[in-house]
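As annotated by TrEMBL, region 'Disordered' applies to 1-29. What TrEMBL lists as compositional bias 'Basic and acidic residues' is 13-25. Taken from TrEMBL, the feature transmembrane segment applies to 43-60, 80-98, 114-137, 143-162, 174-194, 206-228, 275-295, 315-335, 342-361, 367-390. The feature domain 'Major facilitator superfamily (MFS) profile' is assigned by TrEMBL to 47-421.
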Amino acid sequence: MTPPEIISMASKDGQDSTPRRHSLSDECDTNSTADEKRLVAKLDFYIIPLVMVLYLFSFLDRVNIGNARLYGLEEDLDLSSSQFQVAVSILFVTYLLFEVPSNLVLKLFTPRRWIAFIAAAWGIIATLTGLVNSYGALIACRLLLGAVEAGLFPGLTVYLTFFYTKRELALRVGYLFVSAAVAGALGGLLAYGIGHMDGLHGMSGWRWIMIIEGIPSFLLGVVTYFALPNDAETAYFLDENERALMRLRHAREYGNTASSREFSKKDMMCAFKDWKVWAFCVAQFGVDTMLYGFSTFLPTIIRDLGDWTVAETQLLTVPCYFLGAAAYMSTAFLSDKLQQRGLFCVIFGVISVVGYAVLLADVSSGVHYFGCFLVAGGLYVVVGLPLAWLPTNSPRYGKRTTGTGMQLTWGNAAGIMSAFI
C-alpha cells in the first residue's frame, strides 16, 4: 500500500492558494516524533528480547565445544589435538554453503516459520551431540549444526530491517552481539555449574553441557513459531495507526515501489557485481578470524596463563565477555546517533590488534589477561558495526538479503581457518 500524498491549501484569507505537496519526510516530521519513539519502544519490547535469546542460544550451542573440551571431550572420544581443531572448524563448511540460500528463502517460508524451524532443528542436533561416542559422529553433528544455524544471523539481520530504520539498526544488531557476549560469559558459568554433574548416570560433564544447553533451543523454536511476527502488517501488538506509521517509515527508507520489497534475480546480481559488497566481505573475513579464534579458545588461553583449575578458568572468561558487550552497546548507540560507522571500526580494530599483540608478547600472566580485555573490547565493535552498515545502504530487498548473506558467508569462512591459527 502506497502512503497517500498530502496536499495542503492556504486558508481563504491566506496569500497563496497554490496546492503544496509535502514529502514523506515532511509528513513524518509533522507526524509526532513522540509517536514514533513510542512505536520504536514497542518494537524493542516485543521483538528484541526474542531475537536476542535466539542468537544467544545459537552462539552458545555453537561454541560450547570449547567449554566441553575442559570437561573430558577429548579423552572420552579419544581425540587428538588436530581432530579437535577439525571438529571445531568443520561446522563452518556447511555454515558457508547454506548461509546465502537460507537467507534467500526467508520470505518464501516467512520469517516466523523459517526461524522457528532453524531454532528447533539446531536444538535437536545440539542435544544429540552430547550422546555421540566417536569422532565421526561428532563431525556429523557439527556439520548438521552448521547447516541449520547458517540462516539465523543473516536472517535476523534482514528481519530487523523490516521494522527499523538505518538510524536505529546498528543498536539493534548490537543487541545480537550483546547476546553473543552474554553467551560467552553464560557458557562459562553454565559449564562451571553443569560440570559438577560429571559422572551422573555414568555420563561425563561435557555430555551434560551439550544436552542441557541444547534442549532450551528446541523449546525456543516452538515459542518463536507463535511469538515472532513476519512483518509490521502481521504484528499482533501493533494497532492500525502504528501500522500506518510503519508503512511511512518503510517508504521513507526504501521507497514506495512494491518491487523494492520483493526478491528478484536482478537485485541479487547487483549484489554480486557491487565492489563495495565484496569489500565488506573481505573485511568481515579478517575480523571474524579474530572473533572465532577468541570465542572458541578463550578458556584455553586463560588456562595456559597460570595454574588455574577448570572452575577458575571458566569464571575468568566472564569479565572479558561482559566488557565486549558493554563496549559494543555504547559504541552502537553513538554510531546510530552520529551516523558514523567507519571511524569507530578503525578505532576499535586497532584496540583489538593491540590486544592480540599483548597476548603474543613475553609479559606476565596479568598483562596477558589484560590483553584478553583489549581483544574483547575491540572485537565485538569491529565485527558488529559493518553488519548494520551494509544492509542499511542496500534499499532493495533482493540486494540486501544477498549482500548480507555474502558478507556473513565470508565472515564465517574465517571460522574454518581460525581453529588452526
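Just so it is clear, glycine is given a Cβ too, placed from its N, Cα and C backbone atoms.
Using a Cβ-Cβ cut-off under 8 Å and counting only residues 6 or more beyond its ends in the same chain, the transmembrane segment (367-390) has close neighbours at 157, 169-170, 172-174, 176-177, 180-181, 277, 280, 283-284, 287-288, 290-291, 294, 298, 301-302, 305, 316, 319-321, 323-325, 327-328, 331-332, 335, 341-342, 344-345, 348-359, 361, 403-404, 407-408, 411. Ranking 114-137, 143-162, 174-194, 206-228, 315-335 by CB pairs under 8 A with the transmembrane segment (43-60) puts 174-194 at the top. Taking the domain 'Major facilitator superfamily (MFS) profile' (47-421) as a whole, pLDDT averages 85 in the prediction.
Proximity of distant same-chain residues to the transmembrane segment (206-228), defined by a Cβ-Cβ separation under 8 Å and at least 6 residues beyond the stretch ends, is recorded for 47, 50, 53-54, 57-58, 60-61, 64, 67-69, 71-73, 76, 111-113, 115-131, 187, 190-191, 194-195, 197-198, 200.
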